[in-house]
C-alpha cells in the first residue's frame, strides 16, 4: 500500500468514526424530541405536576430549575472569577499553587452523586439547611466551580503577555492591567464557558436529589416575598428540578401518564441545554467581534 | 539647547540566576536626544532598556545591582512608585500590541484610568497624540473602529500615540520597526526625529542604517558590556574600538 492509499484509508476511517459519533448523537436527539415534543404544550410548561392523575405539567420544576441555576451562578461566577484570576495572574509557581491546581482537577472529576452526598452531609445535615434551594445551589457550586475556574484561568492565560506588558508600561497598576485590559479581552471566552457551565448545571440531577430534594411543593406565584414559605423565591424550600423530576417519575412515578410526562420533560430539558450551548457560541462570537471588529474566532 | 543628563546609570549588573547578563554598564542619556542601543542578539541591549522602566521586575530569579537614576532619583529605591515611574518612562514594544478596543480608546486608555472624564480634553489628546505619532490622517475617520483592524505599521504608530498621551519624559522603544515593512519603518523613524524636541528617546535597533540616520548618540553593546558610547556621526565614521568597527562593517553579529 503506498502513501496515497494509506492517506485515503486513514481519512476514510476518521470520517467513519466521526460519522458514527454524529449518528449516535443525532438519533438520540431525534428520539427524545420526537417522543417528547408532541406533549409539550403551554399547559404542560406551566401547570404543576400531579401525583395520581394524568394531565399534570412541569411548571414548578421548570421554574425551580431556572431559579436554582440563577442562584448557583450567582455564587459560583464571582468565586470562579476570583480563583481563576488569582491562578492565572498572581499565583507564583510553587507547591501550594500546584496543589490548588491538582485539587481543582480532582474536584472536577468527582462523580456528581458523590458531590451530592457530600452536600447532603454538609449543607443539609450539618448546616441544617434541609432539602432546600440553598443546599442545592451550594452543591451545584461545588460541582461547577472547578470547571468554571479552569475556564477562567485558561481564557486569561490565552491572552498574550504582550498585552500585560503594554498595560504595565503605560503606567497602569497590575490590578488595573488585569481588570481593565486582560479580563475584558478574555471576556468572550469566559462568557462562553459560563454559559456552557450553566447548561451543565441545568441538566444536573444526581447532585440535587439529596440536596434540593425530590418534592415540589405548590408555589404561590402571587407572593414574591422570599421569606414566605410558598413564595417562588424562598431559598429554604425544597425544590425538585426538571432533571430530578425526570429521574423520579421514571423510578417511582405513579401518575398514569408518567411516560408522556417524562418524554415531554426530557424534550424541554434537552431543548433548554441546546439553547444554552448555541447561545454560548453566538454570544462569545458576537462579543469578540464587537470588541475587535474582526472576523470570527473559534468559540 | 543645553543638553542635560536625564537618566544616569552606574555600574549596572544584572543576573539571571547565575548568569551575568549585564556586566557593569555606565551609561547616561541626554534630554531631547535620540540614543540608539545597538549590538548583536543577546548582547544585553534590550535587557538594559527594560531596566529603565523596571519592566524586568516581573522576571523571576533576577538580581540587579548598581545605580540608575531618573532626574537624579534612584528608580530602584524602595520608595519608588513603579506606576509613576512608568508614566514618566513610556515604552513601545517590538510587536505592535494595541488593546482590542477602538483606536480612540487605545489612545486615551491611560488617561481615562487616571480619572480624566472631560470629553473635550480626551478628544484633544487623541487628536494631538495621533498627529504627533503621524497616524492621524489615516485614522481620523475611523477612530471608533477597532485598533486591530489597522495594518501593523498603523498599529505601531497608534501604540506610540498611546504612550504619548500619557505625556512621559522619556520614551523607550524596543526594536519598534523590526516587525514592519520599510515604508512604515521610515515613517516611524521620521516621526521619532520630530518627537525629540518634546521627549527623550532611547531606542534599541538591529537596523544600523536606522541608528545612523535617526540617532544623536549610539551605544554599542556586546556580550553584556558597553563597548563604546559616542555621538552617532563619530561612532559610524571613526569608532574608537576595534569591536565597534568590526560590528559596523558586518564582520560579526
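Including glycine, each Cβ sits where the backbone N, Cα and C put it.
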Transmembrane segment according to TrEMBL, located in which of A:66-87, A:154-175: A:66-87
Contact ranking winner - A:99-123, A:129-148, A:258-280 against the transmembrane segment (A:12-34), Cβ under 8 Å: A:258-280
Leading contact stretch, A:99-123, A:129-148, A:258-280 vs the transmembrane segment (A:66-87) - CB distance under 8 Å: A:129-148
